[in-house]
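Below is one structure, written out as structure tokens; comments come after it.
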Amino acid sequence: MTLITDIRLRRVLDSRGNATVEADVLTESGGFGRGKAPSGASTGEYEAIELPAQEAIANARDDALPRLVGEVHAGNQRDVDAALRAADGSDDFSEIGANSAVAISMAAAKAGADVLGAPLFQHLGGTFRGNEYPTPLGNIIGGGEHAADATNIQEFLAAPVGAPSVEDAVFANAAVHQEVHDILAERDLPAGKGDEGAWAPSVSDDEAFEIMEEAVETVADDFGFAITFGLDVAGAELYDDEEDGYVYDDGVKSTEEQIEYIAEKVEEYDLVYVEDPLDENDYEAFADLTDRVGDQTLVCGDDLFVTNVERLEAGIAAGAGNSILIKPNQIGTLTDAVDAIELATRNGYESVVSHRSGETEDTTIAHLAVATDAPFIKTGAVGGERTAKLNELIRIEDNAV
Ligand SMILES: C=C(OP(=O)(O)O)C(=O)O
Ligand SMILES: [Mg+2]
């Protein structure tokens, strides 16, 4: 019933106004699924390769479609993704593009769910999945590669850890976003927004810490549950080989100083989450920091692990981090993303399913997070391409999908 009978690929816009790949998958019994590839700006060195959209589409039409159409069932996600890998032939999807691969992979999953008449999270997670919903980490203040002339740390993320429901958590993050706007106005600090909708004021990282602390405390009092915050340092973007350290506006920190700096911030602000605090090649420094603060906070690898099972295995062996960011387009297929989550779970690592800075209205990651019982999802706080996922989570919780 779910035999793939047609795949249509086209170029559409992402949230930055760049071209991305949209895939439609149709099945024998009338099933339909549509997926769109997101795109990163602070990409990891070891990510799967995104090709220019037109090139990815042309290559996927030539190489992948003949192996899928009339050959593979959309309901068998592992077969779909194995066919994509076989069609590509490389380790990093550099032939058909990880953007074509992930769009087709997600579209096939939705077509499979459509035939079953089940929500995507149930198709992916099965009836025996747990009954947890992820806590959304909301990007509130940001800079780095996502906004010019703003903070050095890429993301200051609200974490509504005490929220009784996804709905409350989503609204709490939006309230923190508004509260920060008010604090910035009081301080006469004009601010535009970065790529993910976070405020991007021209302030020091220290001032951003203070503003976040004030905002989450105010909103926690208003909402009556605990809200803390965390960071995506995007350490690989700060690390400079020639300087042999992390380059901030106010100077360069050695690796030891960077570990000390992050550990102090974890203590001072009770940070619950620290993503990529160190360079993507430095498992040892990740392990040192995890040793120091891993019992107080999540130390998450994004550019470090790139949703890649082999890199995660190396991290587990080294004791690097205690958490992994999961970005399906970083590795190319849903199967690979789920394999990374399962390996993480078996080894006591928490999974944080994530958007990219360049996004679309696609809501697959909301379903993936629920399907796999991921404890966290990182998908912004405001902005249409972000609220598409957040509102979908609210619907999933409300049994309305
Ligand atoms: C979402 C992120 O940004 P990008 O998509 O630019 O890699 C991130 O670094 O976690
Ligand atoms: Mg990151």
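Each residue, glycine too, has its Cβ placed from N, Cα and C.
Annotated Mg(2+) binding in TrEMBL involves GLU275, ASP302 plus, out of the candidates ASP222, ASP232, ASP339, the residue ASP232. From the candidate list GLN54, GLN77, GLN122, GLN154, the residue TrEMBL records in the (2R)-2-phosphoglycerate site shared with LYS327, ARG356, SER357, LYS378 is GLN154. Binding of substrate is attributed by TrEMBL to HIS146, GLU275, ASP302, SER354, HIS355, ARG356, SER357, LYS378, and the same site annotation extends, among GLU155, GLU267, GLU284, GLU310, to GLU155. Comparing CA positions across the recorded positions GLN154, GLU196, LYS327, ARG356, LYS378, the one lying closest to ASP232 (Mg(2+) binding site) turns out to be GLN154.
Proximity to GLU196 (active site, proton donor), judged by a C-alpha distance within 10 Å, picks out none of the recorded positions GLU275, ASP302, LYS327, SER354, LYS378. Per-class residue totals from DSSP over the domain 'Enolase N-terminal' (4-124), listed helix then strand then coil: 51 helix, 26 strand, 44 coil.
Neighbour list (SER354 (substrate binding site), Cβ cut-off 8 Å, at least 6 residues apart, same chain): ASP302, LEU325, ILE326, LYS327, ILE365, ILE377, LYS378, THR379. A mean pLDDT of 97 is what the model gives for the domain 'Enolase C-terminal TIM barrel' (130-400). On the backbone, the CA of SER357 ((2R)-2-phosphoglycerate binding site) and the CA of HIS146 (substrate binding site) stand 7 Å apart.
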